[in-house]
Amino acid sequence: MALHNPQYIFGDFSPDEFNQFFVTPRSSVELPPYSGTQCGIQAEEELLDGQEHQRIEFGVDEVIEPSDGLQRAPSYSISSTLNPQAPEFILGCPTSKKTPDDIEKDETYSSIDQYPASALALESSSNAEAETLENDSGAGGLGQRERKKKKKRPPGYYSYLKDGSEEGASPAALVNGHATSVGTNSEGVEDPEFMVDMLPSVMPRTCDSPQNPMDLISDPVPDSPFPRTLGGDARTAGLPEGCRETDFEQPCLPTDNLLRTAVTQPNAGADTTENLAVANGKILESLGEGTAAANGVELHTDESADLDPAKPESQSPPAESALSVSGAISISQPAKSWASLFHDSKPSSSSPVAYVETKCSPPVPSPLASEKQMEVKEGLVPVSEDPVAIKIAELLETVTLVHKPVSLQPRGLINKGNWCYINATLQALVACPPMYHLMKFIPLYSKVQRPCTSTPMIDSFVRLMNEFTNMPVPPKPRQALGDKIVRDIRPGAAFEPTYIYRLLTVIKSSLSEKGRQEDAEEYLGFILNGLHEEMLSLKKLLSPTHEKHSVSNGPGSHLIEDEELEDTGEGSEDEWEQVGPKNKTSVTRQADFVQTPITGIFGGHIRSVVYQQSSKESATLQPFFTLQLDIQSDKIRTVQDALESLVARESVQGYTTKTKQEVEVSRRVTLEKLPPVLVLHLKRFVYEKTGGCQKLVKNIEYPVDLEISRELLSPGVKNKNFKCHRTYRLFAVVYHHGNSATGGHYTTDVFQIGLNGWLRIDDQTVKVINQYQVVRPSADRTAYLLYYRRVDLL
């Protein structure tokens with residue numbers, strides 16, 4: 001189907017008129033309520049009675065006033081912009097012959113917007129526009145809308161009228177502001193440049209109806225030269241090129257630029273507009289930058305003011321018709337603002353209304369609908385329904401724990417709530433090299449890549465460790481007074497790990513209950529047990545046989561009761577008879593511990609042996625992540641004292657057998673297996689019989705280098721652990737500030753390998769301290785958690 005050379009309904013422009021309409025700066029407009037400021041050459045007193053706006057034609061030396069004279073024929077048009085592609089210009093237009101000058105001008109190059117002058121397509125006589133203005137102003141050409149005052153227009157609303165029936169011109173269909181003659185005698189050429197914006201007959205376009213299903217692309221077109229703001233100042237005078245459409249059912253996108261501007265607007269890039277559009281019947285809001293025409297979508301602004309959606313349809317002025325190339329009938333709908341789609345209220349007269357013009361693109365799913373679908377899929381799902389879980393499980397099967405220290409740039413953690421006990425624990429874990437390397441080994445997935453997850457704890461700590469990067473090369477230490485070395489530290493920007501805080505709610509931990517004491521040791525157990533359980537569930541994907549042992553696995557499991565020990569037969573697969581020193585035998589029971597990378601870092605075992613008269617010893621192995629040290633006794637002043645008290649033999653009072661006979665029973669705890677990272681918990685919070693809780697503020701001395709005595713180990717492993725396997729070095733201390741057990745504050749000191757020194761981190765505050773300040777007693781703070789690493793792994 002051949003398309004003829006289009007004509008603009010404005011006709012031909014002389015150079016002066018072109019500069020007047022497209023180049024000269026526009027006047028400012030005072031929108032209602034009218035402030036009395038003179039916006040043009042007409043004085044305020046010249047306004048008609050009841051008229052709220054001053055009719056101003058930008059760049060023209062006179063004000064066009066409304067007249068109640070002639071009624072406009074339906075073929076006339078009113079436009080609020082000089083944009084020749086505006087959809088308001090859908091009307092008949094006479095076709096004028098090209099003159100040799102016009103043809104020569106088409107071949108020249110326009111210096112206004114650096115595009116070929118043929119793209120401007122200004123082919124009519126130079127006096128057509130002036131005659132139109134004169135006829136309109138003299139004959140009351142503002143038309144039936146203005147005469148009946150059914151619709152109020154803001155300043156700058158133009159009246160360019162053209163009688164489509166003059167001089168026997170054939171009807172023309174306007175395609176994006178270009179009048180294309182459909183007559184057989186009209187002159188034109190078949191140019192693919194003008195075929196890009198053709199509309200199909202199955203979807204006729206109307207100017208004022210935003211209710212049809214439409215597509216919206218919110219991102220501006222890359223490298224597109226047209227303005228990003230959708231103001232009335234964006235005058236377009238070109239068309240996309242290099243796109244031929246043979247089937248109107250398929251979208252046709254330009255290969256070069258979608259729109260070209262005739263005038264470079266100074267504020268084109270300002271992020272000041274708020275655009276509303278409709279996609280598939282949904283209201284979409286794009287804040288900031290204007291929406292570009294892309295994927296077959298164009299946006300046009302209509303600066304109409306005071307549109308009343310509550311008026312009956314019959315009283316609304318008819319919309320201008322669009323004659324499609326295939327002869328589709330015109331559709332007339334009342335003008336509506338975007339605000340009317342939300343509620344029946346008048347839109348602000350100062351806000352431009354953005355309309356969307358579709359180009360037959362396939363329907364794009366609504367982003368709002370996609371978000372709802374995303375919300376349905378988000379959250380916790382079983383491991384079997386998580387497609388990423390199997391990948392993480394395979395990685396964890398092959399992971400090798402790395403204990404090499406890493407120099408990380410310290411970053412504070414913003415505390416907007418009562419999260420100091422969490423922040424202090426997180427800083428200690430970040431300073432733990434094997435923990436850092438483990439989480440960095442697991443890939444970081446975004447919400448888009450993994451909307452639903454079966455491992456929220458792992459995901460959050462992988463994200464946390466990725467917040468920290470290698471520290472830049474520190475400056476050389478500078479000498480200060482007294483030959484004291486002063487080191488500088490440049491911490492990174494503080495951040496708020498909200499995704500870590502949300503874990504308390506996601507996993508429904510008892511720590512999230514209101515009124516509970518916020519305890520750093522309890523939170524550490526929550527983290528390590530949570531990571532361990534998630535890794536166990538991943539192991540089940542590869543080895544389902546682990547499932548039957550998962551209940552009794554991990555430090556969270558309790559010691560088997562003595563009655564249960566008696567009921568267990570000697571042939572149980574979980575027990576065996578062990579021969580100790582001096583040929584003493586004992587029955588040892590142990591759960592089938594499934595190892596995970598977390599137990600490989602923090603997991604140790606303690607042996608609890610029960611001694612009973614005239615009976616074999618009964619031993620139970622129990623895993624731990626933190627070693628609980630009772631410091632309540634007055635004899636305990638150091639960590640070594642607390643460790644010796646841990647392994648001391650104690651009597652169990654009131655123990656009876658099945659025959660109701662009271663027997664003497666004692667119990668002793670020893671260390672069966674020492675972990676690479678040993679966390680000591682100084683139990684400062686003791687519960688009274690009355691139900692209250694008090695804090696032990698006594699000072700407990702702790703060394704930087706800690707050696708675990710052989711006497712603390714179980715008999716079977718005493719000779720298997722060399723001194724290097726029993727020696728630890730301090731790398732983090734979590735302090736509790738205050739004398740109350742129901743409140744206070746938590747801070748952390750961590751060893752920084754890059755500085756070869758210590759840092760004190762109080763939420764988002766980071767400062768350098770010396771080692772003496774770490775171990776020195778203080779009245780306002782007491783050590784609560786001690787983090788040690790084995791020296792043979794340093």
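The backbone N, Cα and C atoms fix where each Cβ goes, glycine too.
Sequence-distant contacts of C420 (active site, nucleophile), defined by Cβ-Cβ distance under 8 angstroms and a gap of at least six in the same chain, are E518, H745, Y746, T747, D763. Swiss-Prot lists C420 with the feature active site, nucleophile.
Sequence annotations record features per position, and here Swiss-Prot assigns active site, proton acceptor to H745 based on sequence analysis. Other C-beta atoms found within 10 angstroms of the C-beta of H745 (active site, proton acceptor) number 18, with every protein chain shown included.
Per Swiss-Prot, the feature compositional bias 'Polar residues' maps to 313-326.
The domain 'USP' annotation in Swiss-Prot covers 411-791.
Look at Swiss-Prot and you will find A2 tagged as N-acetylalanine, backed by similarity to another entry.
Residues or ranges marked as phosphothreonine in Swiss-Prot: T24 (among others).
Residues or ranges marked as phosphothreonine by Swiss-Prot: T99 (among others).
The feature phosphothreonine is assigned by Swiss-Prot to T568 (among others), with a large-scale study or a structure entry given as support.
The region 'Interaction with p53/TP53' annotation in Swiss-Prot covers 2-99, and the record cites similarity to another entry as its basis.
Annotation source Swiss-Prot lists region 'G3BP1-binding' at 6-21, citing similarity to another entry.
The annotation region 'Disordered' is assigned in Swiss-Prot to 123-164 (among others).
Annotated region 'Disordered' per Swiss-Prot: 303-326 (among others), in sequence order.
Summarising the annotation, Swiss-Prot assigns region 'Disordered' to 546-588 (among others).
Over the domain 'USP' (411-791), the average per-residue pLDDT in this prediction is 83.
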